[in-house]
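> Before I ask anything, let me first share the structure, which is written out below as structure tokens.
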Amino acid sequence: MTDGLIGVVNAGSSSLKFSIYAGDDCLLNGQVDGIGVRPAAKARTGAGEALPPPDLSAAPPATPADALVALMPWLQEWLAGRRLSAIGHRVVHGGPNHAAPARVTPAMLDELEAFVPLAPLHQPHNLAPIRAALARNPGLPQVACFDTAFHRTIPEVAQVFALPWEMAERGIRRYGFHGLSYEYIASVLPRAAPEIAAGRVVVAHLGNGASLCAMRAGRSMATTMGFSALDGLPMGTRCGQLDPAVVLHLMTTEGMDAEAVEALLYRKSGMLGLSGVSSDFRDLLASEKPRARFAIEVFVHQVARNVASLAGAMGGLDGLVFTAGVGENAVAIREAVCRACGWMGVELDEAANAARGKRISTPGSRVGVHVIPTDENLMIARHTRALVR
Ligand code: ADP
């Protein structure tokens, strides 16, 4: 390694994840959870061995930005004289124009601040640590990597809502998210699944947050998430696609205010709300409770239906890729989705699926089905290195 180390920061409302990369090698992974309540840090080497975590008890961080600053002395010690060449940050919203990651300047931060109303739950927490790092070390380059950027290739017909035109001009349109994950999958597809890489592929990012992306030759053509990361598939605690009249009903007839509706749709719905058991698919799969099973059936139904919808947007389907926590690990859910997609030419190789193979469709399947682990942090590290080189 001649060109220094890259830091990667992924800040949420109450957590901050960080990694250090040398080239494509991850050397360090850590996270601070419970920020603002009971912050606790943990750290591992890239190979997964636990490290003594930073001690935050002297001055418990109240915000993710505080957490980044509080981590610095521990990181300096861990770096033992080596230097970071840049920090790459995950930023949920790049607005309608950012189609690629960008080197952060104070002016650009002000521009990104304008998208806070479009992603009030995420954007402020993404931006504050960038400001904190800039203030502390103005000479260290910072790069913003947007979850929306990969979807800027989506044709305009698939980006607009059928609302009055001026609303699209005001930014009320579909943006799509999980873009760093989809971009990583697109980058490895030619090697991992060469027979489908140039074709029409639906990538299923199924994790705690879940969405699908229609890719033609590695470019996003449509996606299930829209204006926010609430749309599309039902998720751990988010409702997914919903008739907007339900919101009107809750507010006008049931007297709920915006805050209560937001809590309902983001935190009390999805798998948790349907099952009454858990938002975690491992718990649902292990549960005997009928509603836990039913929640999984609803999830599978929506995934399969939306695979068909995205295939429709591309005029056909050549490949299906599963990724993220559920997509990479949940054999039973992959099997159920593939069965429901059988009419589109998906033929599952049950043994390969159970054995956690990479290609899980039969040799004769018209649609090639693959399981590919995603790596959003590596994507951020690569972009950051490329931009500061
Ligand atoms: P996010 O990054 O959105 O927080 P992940 O991609 O890490 O989410 O996925 C988390 C989800 O993956 C959880 O619901 C978890 O239950 C599920 N998951 C992880 N491992 C397994 C497994 N072995 N079987 C089933 N589900 C799993």
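Keep in mind that glycine also has a Cβ here, set from the backbone N, Cα and C atoms.
Pulled these from TrEMBL:
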type     : residues      : note
BINDING  : Asn10, Glu376 : Mg(2+) binding site
BINDING  : Arg90         : substrate binding site
ACT_SITE : Asp147        : active site, proton donor/acceptor
SITE     : His178        : site 'Transition state stabilizer'
SITE     : Arg238        : site 'Transition state stabilizer'
> Between the recorded positions Arg90, His178, Arg238, where is the Cβ count within 10 Å the lowest?
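Lowest Cβ count within 10 Å among the recorded positions (Arg90, His178, Arg238) is Arg90.
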> Taking the Cβ of each of the recorded positions and counting other Cβ atoms inside 10 Å, which one has the highest number: Asp147, Glu376?
Asp147
> Which residues in the same chain, at least 6 apart in sequence, have a Cβ under 8 Å from the Cβ of Asn10 (Mg(2+) binding site)?
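In sequence order, the residues whose Cβ lies under 8 Å from that of Asn10 (Mg(2+) binding site) (at least 6 apart) are Leu16, Lys17, Phe18, His89, Arg90, Glu376, Asn377, Ile380.
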